[in-house]
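The structure appears below as structure tokens.
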């Protein structure tokens with residue numbers, strides 16, 4: 001019924017050795033997952049949705065949405081599991097024995113499938129009321145329950161030492177009321193410990209099936225799934241990146257120690273009959289039985305509420321992201337205080353439907369499979385971020401590597417199939433269907449796709465491995481550079497050259513006959529999207545390379561020298577034949593646009609029409625005296641002091657402004673941070689020079705800059721620099737010498 005009595009169930013069937021092995025395996029998986037959760041939680045802002053938010057923002061909407069649904073179902077089934085466990089405990093304590101029509105003493109509750117469903121509905125309604133009020137009352141209720149459970153745990157530990165040996169009659173709930181077995185609390189006994197060291201699996205009284213290592217592990221693992229309770233409440237926490245790592249790691253360490261301690265104490269003091277067939281034996285051996293009863297009920301009720309409120313937060317986050325369109329539109333509605341009441345009600349309805357199953361251990365296997373799948377995906381998200389080497393992945397939690405992520409994924413997958421190959425296969429099939437549905441039906445998102453970062457990382461690696469010195473005529477292939485003046489008149493030519501390339505490089509080149517020095521902006525940047533859209537519509541495997549030049553000859557020469565990368569460079573130039581025939585707009589008649597009734601991409605002018613200039617959108621880095629930098633010597637110096645990277649957040653076009661939050665300064669910060677993340681420069685320290693003018697409250701600016709660096713997860717030393725002289729010199733230069741014209 002609760003994690004406390006769950007230990008007795010595990011030890012009674014599996015024995016001490018296998019129980020400790022189960023805890024070790026479970027907490028190994030959980031520990032690896034916790035490291036990944038902490039890494040993602042400390043990498044910038046974290047919004048509502050917990051694991052769903054982490055996965056969706058890392059792996060994209062398809063993975064995020066599908067795992068979000070799986071995690072929602074896991075929490076829903078988990079809530080139903082704990083409600084059914086609580087009903088079982090209540091009926092065991094207060095139910096009328098089977099075969100009797102009238103109860104005696106405290107045994108006054110009728111027992112049947114429908115009565116137990118009624119009890120579960122009432123208890124679930126109590127959880128619903130707490131969750132509808134909001135996260136604040138839930139936090140207060142769980143804190144009160146925590147105090148009760150802590151008191152119960154202390155009482156139980158004392159009872160193992162204070163209670164004398166005693167026989168405990170066990171009334172089996174689903175057999176004849178006259179059938180009673182006797183268990184024994186022997187006190188600390190070496191003989192009892194020896195008897196409980198090995199496994200002794202019995203029949204599950206709810207399903208009638210023989211228990212095994214995998215089925216017991218499935219039930220046990222549900223007592224360990226609370227690690228996501230904190231991250232599920234990420235939208236309600238004031239400082240989730242601070243609270244989630246500390247709270248989660250503390251909870252994992254504490255519960256692991258408590259479970260192992262209880263397992264040893266139970267094996268040394270209780271016989272196997274008592275452990276297997278009396279889940280309320282802790283009450284029977286306690287020095288204060290009513291407190292144990294209240295504690296078990298409170299712990300189970302808290303777990304049910306935790307899963308219910310976690311499911312509602314995940315459903316609300318899914319609805320808010322519009323991944324499923326109108327299907328979840330109702331779940332977006334919130335109360336005046338921001339509590340997603342409709343998501344809570346919808347989650348409650350689904351839990352109520354699960355209660356009709358009535359089989360506690362059957363639900364346990366499904367819940368465990370779902371949770372293991374979610375944990376594996378959390379590890380996958382962290383692994384992808386680590387392998388992609390994205391500059392913006394800078395978690396302040398450092399105690400993880402790609403090895404821990406990989407071990408977490410492997411552990412989850414192995415245990416998932418050991419518990420139930422059928423459930424694991426069905427879950428993966430359902431996940432695949434959700435992935436495909438979201439891929440084709442969900443709207444595009446602006447979260448960024450980790451797949452693009454991984455592709456970039458791998459392509460760069462393999463391009464470096466492509467050695468032009470190892471080229472051989474046997475493996476030559478055409479690598480085309482097709483010069484296109486206007487794709488409106490070259491659609492068929494683009495198609496034809498695509499057939500000629502034979503899996504080689506294919507580049508669409510275009511020369512814009514203008515001089516950049518006479519233009520206020522770069523006219524090519526806005527055209528890039530139109531050319532890329534054209535490549536998609538024509539379904540050709542080509543890159544696009546655009547350039548500015550005073551003549552076509554110069555432009556073609558530029559593209560021949562600059563197109564491609566590494567060992568992938570054009571070796572064949574394709575030009576259209578120029579004659580006096582009037583060009584025809586073949587793009588409008590191309591099947592890619594006529595059959596699908598789609599418009600020609602905007603951005604291409606009419607044939608032989610002039611274009612308007614646009615702004616230049618490029619970053620510019622100026623390098624000076626790099627030849628005098630002996631990097632090997634700098635990095636081989638003694639550890640004290642380490643090399644220093646100096647960052648001057650100054651806009652060179654307006655040095656008088658000296659603001660650290662403009663585009664130029666943030667770009668300099670990003671580049672310095674990227675350099676610091678390189679393996680050779682990891683020992684270096686960043687030093688940021690804050691340029692301040694007199695009367696500008698330097699200490700206030702320094703505090704703001706420290707907060708910005710903290711938000712950006714950049715560690716740097718700040719040094720104030722007076723900037724009045726530079727400002728005066730800048731304005732004197734702009735105004736020119738006295739009596740003369742301004743420059």
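Heads up, residue numbers simply count up from 1 along the chain you see.
Glycine too: its Cβ is placed from the backbone N, Cα and C atoms.
Pulled from TrEMBL:
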type     : residues : note
DOMAIN   : 8-481    : domain 'Amino acid permease/ SLC12A'
TRANSMEM : 20-42    : transmembrane segment
TRANSMEM : 63-84    : transmembrane segment
TRANSMEM : 117-138  : transmembrane segment
TRANSMEM : 143-162  : transmembrane segment
TRANSMEM : 251-274  : transmembrane segment
TRANSMEM : 294-319  : transmembrane segment
TRANSMEM : 340-357  : transmembrane segment
TRANSMEM : 363-387  : transmembrane segment
TRANSMEM : 399-419  : transmembrane segment
TRANSMEM : 425-442  : transmembrane segment
DOMAIN   : 492-580  : domain 'SLC12A transporter C-terminal'
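Within its own chain, the transmembrane segment (399-419) has Cβ neighbours under 8 Å at 25, 28-29, 32-33, 35-36, 38-39, 214-215, 217-218, 221, 365, 368-369, 372-373, 375-376, 378-380, 382-383, 386-387, 427, counting only residues six or more beyond its boundaries. Count of Cβ pairs under 8 Å against the transmembrane segment (117-138): among 20-42, 251-274, 340-357, 425-442, the largest is for 340-357. Pairs of Cβ atoms less than 8 Å apart link the transmembrane segment (143-162) most often to 294-319, out of 20-42, 294-319, 363-387. Across 63-84, 340-357, 363-387, the stretch most heavily in contact with the transmembrane segment (294-319), judged by Cβ pairs under 8 Å, is 63-84. Only sequence-distant pairs (6 or more apart) were considered; of these, fewer than three Cβ pairs between the transmembrane segment (425-442) and the transmembrane segment (20-42) are under 8 A, so the stretches are not in contact. Counting Cβ pairs under 8 Å that are 6 or more residues apart, the transmembrane segment (251-274) and the transmembrane segment (340-357) reach fewer than 3 and are not in contact.
Nonlocal intrachain contacts for the transmembrane segment (363-387), taken as residues 6+ away from its ends with a CB within less than 8 angstroms of a stretch CB, comprise 29-30, 32-33, 35-37, 39-40, 43, 51, 54-55, 58-59, 63, 67, 70-71, 73-74, 77-78, 80-81, 84, 215, 217-219, 221-222, 225, 228, 354, 357, 393, 400-402, 404-406, 408-409, 412-413, 415-416, 419-420, 423-424, 427-428, 431, 450, 453-454, 457.
Secondary structure by DSSP for the domain 'SLC12A transporter C-terminal' (492-580): 37 helix, 20 strand, 32 coil.
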